Amino acid sequence: MPHLNDVTRGRLLYGGDYNPEQWPEETWHEDVRLMERAGVNTVTLGVFSWSRIEPAPGQRDFGWLDRLMDLMHEHGVGVVLATPTASPPPWMGHLHPDTLPRDADGRTEWWGGRQHFSHSSATYRRYAAAVTEDLAVRYAGHPALTLWHINNEYCTYDFGDEAAARFRDWLRHRHGTLDALNTAWGTAFWSQGYGDWAEVLPPRHAHYMKNPAQVLDFKRFTSDMLLECYTAERDIVRRHTPHLPVTTNFMPLWAGQDAWRWAEEEDVVSVDLYPDPRDPSGAQSGALVQDMTRSQARGPWMLMEQAAGPVNWRRVNHPKPRGLNRLWSLQAVARGADAVCYFQWRQSRQGAEKFHSGMVGHAGERGRTFQEVERLGADLARIAPHVSGSGVTADVAVLHDWHSWWAGDQEGRPSREVDYPGVLGAWHRALWQAGLTTDFAHPVHDLSGYRLVVVPQLYLLTDAALDNLLAYVRGGGTLVCGFLTGVADQDDRVRPGGMDARLRELFGIRTLHEWWPLEPGETAACEGGLRGTLWSEELEPDGTADETVAYRGGELDGLPAVLRKGRAWYVSTLPEPGALRALLARVAAGAGVRPVLDGLPDGVEAVRRGELLFLLHHGREPVTVDVPGTHRDLLTETTVTDRITLDRYGVAVLRP
Amino acid sequence: MPHLNDVTRGRLLYGGDYNPEQWPEETWHEDVRLMERAGVNTVTLGVFSWSRIEPAPGQRDFGWLDRLMDLMHEHGVGVVLATPTASPPPWMGHLHPDTLPRDADGRTEWWGGRQHFSHSSATYRRYAAAVTEDLAVRYAGHPALTLWHINNEYCTYDFGDEAAARFRDWLRHRHGTLDALNTAWGTAFWSQGYGDWAEVLPPRHAHYMKNPAQVLDFKRFTSDMLLECYTAERDIVRRHTPHLPVTTNFMPLWAGQDAWRWAEEEDVVSVDLYPDPRDPSGAQSGALVQDMTRSQARGPWMLMEQAAGPVNWRRVNHPKPRGLNRLWSLQAVARGADAVCYFQWRQSRQGAEKFHSGMVGHAGERGRTFQEVERLGADLARIAPHVSGSGVTADVAVLHDWHSWWAGDQEGRPSREVDYPGVLGAWHRALWQAGLTTDFAHPVHDLSGYRLVVVPQLYLLTDAALDNLLAYVRGGGTLVCGFLTGVADQDDRVRPGGMDARLRELFGIRTLHEWWPLEPGETAACEGGLRGTLWSEELEPDGTADETVAYRGGELDGLPAVLRKGRAWYVSTLPEPGALRALLARVAAGAGVRPVLDGLPDGVEAVRRGELLFLLHHGREPVTVDVPGTHRDLLTETTVTDRITLDRYGVAVLRP
Amino acid sequence: MPHLNDVTRGRLLYGGDYNPEQWPEETWHEDVRLMERAGVNTVTLGVFSWSRIEPAPGQRDFGWLDRLMDLMHEHGVGVVLATPTASPPPWMGHLHPDTLPRDADGRTEWWGGRQHFSHSSATYRRYAAAVTEDLAVRYAGHPALTLWHINNEYCTYDFGDEAAARFRDWLRHRHGTLDALNTAWGTAFWSQGYGDWAEVLPPRHAHYMKNPAQVLDFKRFTSDMLLECYTAERDIVRRHTPHLPVTTNFMPLWAGQDAWRWAEEEDVVSVDLYPDPRDPSGAQSGALVQDMTRSQARGPWMLMEQAAGPVNWRRVNHPKPRGLNRLWSLQAVARGADAVCYFQWRQSRQGAEKFHSGMVGHAGERGRTFQEVERLGADLARIAPHVSGSGVTADVAVLHDWHSWWAGDQEGRPSREVDYPGVLGAWHRALWQAGLTTDFAHPVHDLSGYRLVVVPQLYLLTDAALDNLLAYVRGGGTLVCGFLTGVADQDDRVRPGGMDARLRELFGIRTLHEWWPLEPGETAACEGGLRGTLWSEELEPDGTADETVAYRGGELDGLPAVLRKGRAWYVSTLPEPGALRALLARVAAGAGVRPVLDGLPDGVEAVRRGELLFLLHHGREPVTVDVPGTHRDLLTETTVTDRITLDRYGVAVLRP
């Protein structure tokens, strides 16, 4: 199987999306000069070039791309070649309105932006296959070509009639019979029994709440349709270049795709990552996505897009302070990335993203941004031989599942204040702050390699997942589960008792009487000063727990907030950050899991990759870190004994 | 005429919506066992069973319902049988898209939720009549059947083409000629003169503000169309079971129906009531709806739906603390209910409302919720012989009119901060806190039986209503009117002077110069420490008032905020809660109206029903209430002399 | 050329929109009696009379209007006659659905409100031309007719198919070839290259951000289409009455029209002005619109609409306190108005604006509002002979350009907190508070007559505009530019370096590294206690500036916030109000610009018009103003020596 190592060959990839069709050819030569200065070895071409490549139906214009591929090759820059199918040319929607998606309200999504294609449109798919085929034929043997990039940030949906037909096909495949669908969707509720497949629709605008199982299946369907679009193009390029790996770039923790499932269909897993430079949790939220992408890749991965400076889609778009781009880039490498790439090489002067920064900004090579890009290129080249291809090991796994997220995100639920990514982030943040390196895993993955498994929230757990968790604990693993876990089965059917009986037995819970969601800002006091947020529960224990922390005061006074039975913990609220961090540190210690480095100052992150120890300082004031023994700092090429001082946003890459 | 007493026969009805088609038949037997334990004597069947009863157009499947009706009868449970017409089966929208409503933006409301029927669709009405007919034929003689329940929570609208045609018919009937319509709608404004009936439309999406008289008539039309749907089905079941009463369940203080008008078409008035357990005004807002429903029923009424625990449609859905379900249920009985029912008997495991609680929750019979349901069943059985069929007497009437609400709720009004239900609630709350039992009445009702009539706000008053108010005061009654009363006539035409001249004369007002609405949080200081909120007025008195309270400071300094002329009071602002309570207590005392019990502690509600005195404690700390004389507490079967202590959420039902 | 002076003939026009078709004819006679009392000499007829004039397609009913014209003439009231084309009769949309606009989501805008016409509809335009023609023919010779008023508050848009066709025509005219359009729109970005004109559409609903150049051109197109509607009607009436001036009433600082361009097509410039009586900046925001309208008119102008009391379209609509209507009306006269008119003469009793005040309110002639209207009429008559036709001179010009506003208001920009009218208002407010009289000018206007030119923000500057600014400074002018100026060219293409190189050179800026937009409430500290809001910039000076104010603290510590190089100032943030006022006062003083009057108390506005000095007191407490020398106050007919005391909302009109 082709692999990212075939592309990196001992290097770290460095570069970005390159859209030279926006520039006159004289700028191309300026570009290669600056790429050389910055140490860029990789660019992504063609992401949004469909109307250039196919200016009219069936026509082809490859000349400009031929010249570019040659130019890149001449200058030693590898090309990640994209299929241009994320943004069809205007002629397509004009000639084939059936290729345009409809939203739940029936509104057409017109061209003029991007991603105005219906994943279900046979016409769209036919055109996409044809242009992919021709692209693959033309460049299969080109020496610059290193990796295929299919489409871009798959993220669309369609509620129109052709999608409805495809949805019915998908449902037939999933459920077999209409009876089975009626059962799975619980259509006895609100008189929704389907008597004919033709009656089944996407969950379009309705008078009141929609059927949540229908909504769940529609999300599954949407992910699968997009995946079909991906695999169809992947299979075409594979036929022509079986030796070259294929990827598509994910958006970080994006609701629209089951990325576990998708990653299995990729040779290389890549992701786009845009934390807000102003977000105090920016570094940790980046780490979360990096950990998740590494876990999906089961090894090195690509940071396909990030911003060298500000983005342009937030309400207020903050630039990156001096040093932050370098810090966050090296953080990605520490957490397993073998590629540090950007959207985009040269900032556009026109179009909807002209205020999204580039490696070469509007200020050009004199700009601070480019100067920092240049410095980072040198840093990456310096550490690449020691890091490329190596792995990150974790003793802790955090479980995450898109289907559970989708099912839990329904209209009529106990509390719409419960935000799944927020809960997941809060748990990951506590582990990150405790200095624990974590993988992510799917609930049916083999967990036996982990000392500690953390379930922030898995509202939906299939029987297989439940079996897996129980087996993990039986096998000696330590498990911590957060609230709203194990509530629903694969069809979003509430399990008897409101929480799976096996789980209740595992934690020592007899009866789940009521959920007591908390209002924003409200907290639930518990023993030992712990305060819960967001949620609390009226639980009746069965007397088998080894340890409990009780609620104090209020309606739940004296009832258990946290239960431990053997190695299984249940946490019925979201503890405040400090308390959650302390709890997890304690549980981890009990499971024999140690932080990467003891006694780290706040804001300093330590990660081991291969034999290297990365120290990343997220603060602005200099800080000294104890690092027992003697190391070589690969970035400064100095020797470090026992301690090292990191300046603002400082990084050290230490080799023993 | 059939009557609720025919159903209750000396009992209090207890039970709820029962949707057994969601469960296997073995669960039905479990259900009857638990119903027996809980003292359930009534269930509502068939509310959402259309697709089960009529799985394909014209087909019928009654077997399952036959078995259920028999099972209920065997176990002594009476059946409220619903026509299933609130949620048509998917085949209907699929085969007959004309049955689907359109909103003002032209969006179709698809199936997948509920209430996706157009009240104006002839096709829908034909199918609804047919299934109603067959249901009535089949169960007319069944011994379990006690009451008909038509549709469910009528609440829809339609702006589509068939509704437009019906709207024109309705307008022809109301206005007679197009000239009359042009006059009533004031179409000389903004060039809206209609020259042909075919030009008249529902008030669809427009560039700027819509014609308020058109909007008002469309609201009237919508209420009337839904009422036609109701009466059509009612007439069918009446033909088959003239001895059985008919109801449809209202939503509480729902904007979409003129419930005064509707109640006249019902044999039994029923309502659904869902105060937020966290709302500090929850008890009072419940009392408001109970008072209003009792007034519509002119006697005992049914609490058709409430929640035994949390609902699932708020942002954060709070469960009911221990005792609250019992307290609020007995409050309904105190205020005239002869039925305490729930949505629903058994909490669903699937569908959009699976997190809406049931009498039997996900935790089953071991759950706290069911245990409290069981206790309440025993309480109801204990008091039923003393209370069923008896009445509540009030000396105070609060006037309320949907047409006035509708007219006042227009886009371009002096202040969109004025929220009619909020104002109505504030006045009712002041009366409730003052311990005064109140009826509600329509402005043309006979008011002569009341010592005090309170008009929180009747923006629109017809000539008949004005005559009625004036006659009431002439007849010796005491009247208190809040601001924005008597502004518009039946067509939302502003009366000369901005407020009806007869009303101004009644209160001693010469000229209404300007309304001075207040910003949120802003108050208007007045003499005696009174502070007004929401609104103030620049009034020039005519010198005939007997008493005034003046504004102090600001532009209105010295002008009257409150005027009294004889027994007629005008309050040109919304006094802060304490001030409004004090004002109304004083006016009531002057009118010879006494609280139910003197010296009640805060949070304790006292209501007399028949010969019984209900004491309801809405607080959590024990409280002692002075009750002169000796009573028997029917709940504890103890004797109470001079005083009684009520625990958290405690209730006493005292018989002299 | 016909001119406003032909209408005023030494008077100030006083009156308002008059909609007698809403009233019985007996009310007309009441109206003329009250007009006489109030000194009304002008009314606007026919603004929304289309359905009255043309009750069915092609029919005409002029009789009522004949009688009104005659009645007005008999009573010496001049008529501003409106074409009724802002609100087509219902029959038009019914018979010709192609006349109805569609929004970006595809929703139809139905009749029932107003402005439900597509500017692009050939059918609409044909009917509009016909009714205009017949109106002009009929009243061309009528002695009451003084001025034509075309349509009303042009403000619509259309995204439908006929508008799309017109948009393509417009684009062909602007860009010539499809290649040129592709270049101007930067369609190489996101694969938007157009291969056929038929593919080009209005910027309809899209999946993600739209093409900003397409959006910009669509705004230009919309303004131009509306202008075509205007000029078509104007040309018709001109043909019949070449001696009569023509106007259309603008909305104040309205985004939808390039009013610079429009004003060139008008004989008289008129505007509608509705500051919130509660807005502490109400007086200044009024002054801004007055200054802008005067600048567009290049002389006297008409205040076509204001409110005598409250409007009805805000969330809370506040009345005007006693004296405020007079104060703000005289402010308009001070700033060049020769007409003080209202919407409307008599407040409606029906329709969407029945709670919008009139000169005669619901309270009638006894109402405070009418009494104040009467007083103002006398005041205007008193000063008219001294003021009518005279001019206002300003040494300061504030530059404003709709195209720059449109271009800057895109989705994906650095900060959506930057609100163009807010920034413009902040700069004008600082100048107003500093007592400096200002004109507005377009960036290509001749600026040589001004000592100081202020550019609050011109994101888009054409080459011609840049040349003009540079020439102005070269010619000895003083220029102050705010942030985000000179970023884009005429196609919204970012200029190299992120800010035009000539501008950077002008201010002494070498490199614009990054924009650092600020969060709401965040400030940027600078030297000398200045604090910036909203925005800051990372600028590298080139060492040629004569003076800088540096940022203090944060990432920008030590970098210039303000630069001065010779007579050119650049301000890279929005200074807090006091600081901006102080800065501009200092710069103005340096440019030789003095306030109208020195040492004015806060809240007192001084303006010179012709030989007169207007003093306007915007506070409620009496205040004394030093006015050196002896003047005659035309309002009180008293002599003022050295000082004058102004009461609450007091005004003096002083003649030397």
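Heads up, the Cβ atoms here are built off N, Cα and C, so glycines get one too.
Per TrEMBL, these features apply:
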- A:17-382: domain 'Glycoside hydrolase family 42 N-terminal' (DOMAIN)
- A:Arg114, A:Asn152, A:Trp313: substrate binding site (BINDING)
- A:Glu153: active site, proton donor (ACT_SITE)
- A:Glu305: active site, nucleophile (ACT_SITE)
- A:394-593: domain 'Beta-galactosidase trimerisation' (DOMAIN)
- A:603-655: domain 'Beta-galactosidase C-terminal' (DOMAIN)
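Put simply, the two farthest-apart Cα atoms among A:Arg114, A:Asn152, A:Trp313, the recorded binders of substrate, are 17 Å from each other. Counting residues of the domain 'Beta-galactosidase C-terminal' (A:603-655) by DSSP class, helix then strand then coil, yields 0 helix, 37 strand, 16 coil. Of A:Arg114, A:Asn152, A:Glu153, A:Glu305, listed as recorded positions, those near chain C by the criterion of a Cβ under 8 Å from one of its Cβ atoms are A:Arg114. For the recorded site, A:Asn152 (substrate binding site), the DSSP three-state label reads coil.
Each residue in the domain 'Beta-galactosidase C-terminal' (A:603-655) has a pLDDT score, and their mean in this model is 97. Cα of A:Asn152 (substrate binding site) to Cα of A:Glu305 (active site, nucleophile): a span of 11 Å. Across the structure, the residue listed as 'active site, nucleophile' and the residue listed as 'active site, proton donor' place their CA atoms 10 angstrom apart. The number of other Cβ atoms within 10 Å of the Cβ belonging to the residue listed as 'active site, proton donor', over all protein chains shown, comes to 22. For the residue listed as 'active site, nucleophile', the Cβ neighbour count at a 10 Å cut-off comes to 24, with all displayed protein chains included. Neighbours of A:Arg114 (substrate binding site), defined as other CB atoms within 10 A of its CB across all chains, total 26. If you draw a 10 Å sphere around the CB of A:Trp313 (substrate binding site), it holds 17 other CB atoms from the protein chains shown. When other Cβ atoms within 10 Å of the Cβ of A:Asn152 (substrate binding site) are tallied across all protein chains shown, the result is 26. Taking only the Cα positions, the spacing between A:Arg114 (substrate binding site) and the residue listed as 'active site, proton donor' is 11 angstrom. In this structure, the CA atom of A:Glu153 (active site, proton donor) is 15 Å away from the CA atom of A:Trp313 (substrate binding site).
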